[in-house]
Amino acid sequence: MAFAHTLGGTRYVFDDLRALMARATPFRSGDALAGVAAASAAERVAAQYALADLPLRHFLHEAVLPYEADDVTRLILDSHDTAAFAPVAHLTVGGFRDWLLAEADTAALTALAPGLTPEMVAAVSKIMRISDLVQVSQKCRVITRFRNTIGLPGRLSIRLQPNHPTDDARGVAASVLDGLMMGAGDAVIGVNPATDNIETVQRLLSMLDEVRARFDIPTQCCVLSHVTTTLLAMERGSPVDLVFQSIGGTQGVNESFGVSLALLAEAHDAARAQKRGENVMYFETGQGSALSADAHHGVDQQTIEARAYAVARQYAPLLVNTVVGFIGPEYLFDGKQILRAGMEDHFCGKLLGLPMGVDVCYTNHAEADQDDMDTLLTCLGVAGVTYIMGIPGADDVMLAYQSTSFHDGLYARAALGKRPAPEFEAWMERVGIGATEAIPAALSPALIGLS
Amino acid sequence: MLPSSLRRFTSARVGLGRVGTAQPSGAQLAFNAAHAAARDAVWSLLDTQALVAALPGPVLRVRSQARDRREYLLRPDLGRKLHPEDAAMLAGHAAPGSLVFLVADGLCATGVQAHAPALIRAVAPLLGLPLGPVVVAEQARVALGDAVGEALGAAAVAVLIGERPGLSATDSLGCYLTWAPRIGRTDAERNCISNIRPEGMPPAEAAPKLAWLVRAAMELGETGVALKDESPNVPLIAP
């Protein structure tokens, strides 16, 4: 179905929903690279007008990717909850924005989540400003549990990311201890291994589990290997708390990651069978991955990103985060584009009912620096982001990019009056973290092989 | 014991101390200096004249279709395509059956400039097939090697290209080997040796590894996922 809007005497026509969504998207380099961005600023606003007039019901009748050709589309439409959708079923996209800002409260948004499709959420975000995204995100509440409780009001959790270029056990342990000393680690202690080698992954899993047990930390651990590697590690008896996987919003991008919906379901069942905790999945996403895998099919990168959240929510994850600035300047060119994308991703994930965190990050070939990250972190903190990353000095020495430091986590909590997950906070107090600059006796480095 | 004692276990920025919730000025400035070096490295240009002088044998020079650094960063597709004039020039230097080295700036010219000549000189005597012309390319992505190799009729192309700089290393060289290079080959059809630099994998250690991969590719008739790197393992030097 074609859409049109006349602006300043020019009539702009958009061939289908896919084109309308793409042209309405605030500018970013990835959409230009894909050739789907609006040709002018005026065309973009015309598309936003046309999108605002579109009834939300329309998204149940026109898919951006054909039902027959894409299993993510099938998942979205087959799992749509009509009863939950009812309170907003009469609204247009523009009316939905007004409702979100003026009327919706936490209870209404929680009940609505299964009635929303990713495309509805992406569409409304395209006509919202940063302050709109912040205000609505603040009203969302998503609570998940493993060894502690994540997402309670007034809390901000941190994934401790102790990566090491050669997966050296003592190198990883040193970063873990440094992070714990600064209050990081309540979301997860999660290592990206330098290789997907199964023996290395098993060694890291055992080592992290041992550190957690020795220090008696109420948190969960994860080695972020490919889902098939983690499945094998579970089969071989390794202690697996969370199963990690990168996912995307089209069947093609998931195939490029070497995963299918059936494989994710299998991994979810296997992790639940370990009986170690309630929410057992950890997913990462990020705008641009589908274009990078040549699996975008002319859909704009933000809409595809929101579709990845429909995949994620199928498996009741403990944690989901967009790795917003990692992908590079051909998808998000500078600090402004990374800021916008990070706020959109957080908003869309939360509205769809996910425990949404953000890796506030950039690479050295993007036009961005620490000031841009401070701005995004502060905006996300006000918006109520579930968790952020914590990395020694913001410098990931294995992945060669910059994310938020342990210090940034302290800053965000202090500036915004946020606290760690309650179980973790009580543990910090018990072992004496923050009381003095010195490492407390309960966290003696010798206990974890550092002497 | 103070957290600063953790520094001896990792190159990560642990034990920095703090002022309020922030990093002390010294740590913050050290970070800024490392970021500045990485940023400058991304925008660094190949000194092609010096590079050509340092490389062995006949050297050809080509460009991609990306006209400048900004376009290169925004349009990876253009960095994979050979400038039309250069495609015609290469056709006049056909080197059938040879291994062609493509020395490319990639995301950082520093490491290419510093380490590519040493690697080529070290590996040349170890190769089981003739060495074709060395080609120097500007504003190039890895897949430009497919176009260059195809134009020269090469048996294989080894692309030596600058890797994205991190805060701890701004001179890392990557080596991508592709058997029977043709436009349209995918990354799954290449073998890679990464982090080639004195503090990572020194060129003298990368050379036998590359020679092993070339011999294995000749026997197998392909590179990529089918070719598992089983070369004798040289341990990485811990940073």
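Every residue number used here counts from 1 along the chain in the order it is shown.
Note that Cβ sites are derived from N, Cα and C of the backbone, with glycine treated the same way.
Mapped onto three states, the DSSP output places B:Val142 (adenosylcob(III)alamin binding site) in coil. According to TrEMBL, the feature adenosylcob(III)alamin binding site maps to B:Val142, B:Glu163, B:Cys192.
Set side by side, the binding-site residues B:Val142, B:Cys192 differ in how many other CB atoms lie within 10 angstroms of their CB, and the most is found at B:Val142.
Our reading of the adenosylcob(III)alamin binding annotation (B:Val142, B:Glu163, B:Cys192) yields a largest Cα to Cα distance of 12 angstrom. Apart from B:Val142, B:Glu163, B:Cys192, the adenosylcob(III)alamin site neighbourhood in this chain, defined by C-beta within 8 angstroms of the site C-beta centre, holds B:Gly106, B:Val159, B:Ile161, B:Gly174, B:Cys175, B:Tyr176, B:Ser194. B:Glu163 (adenosylcob(III)alamin binding site) is surrounded by 22 other CB atoms, counting those within 10 A of its CB over all protein chains shown.
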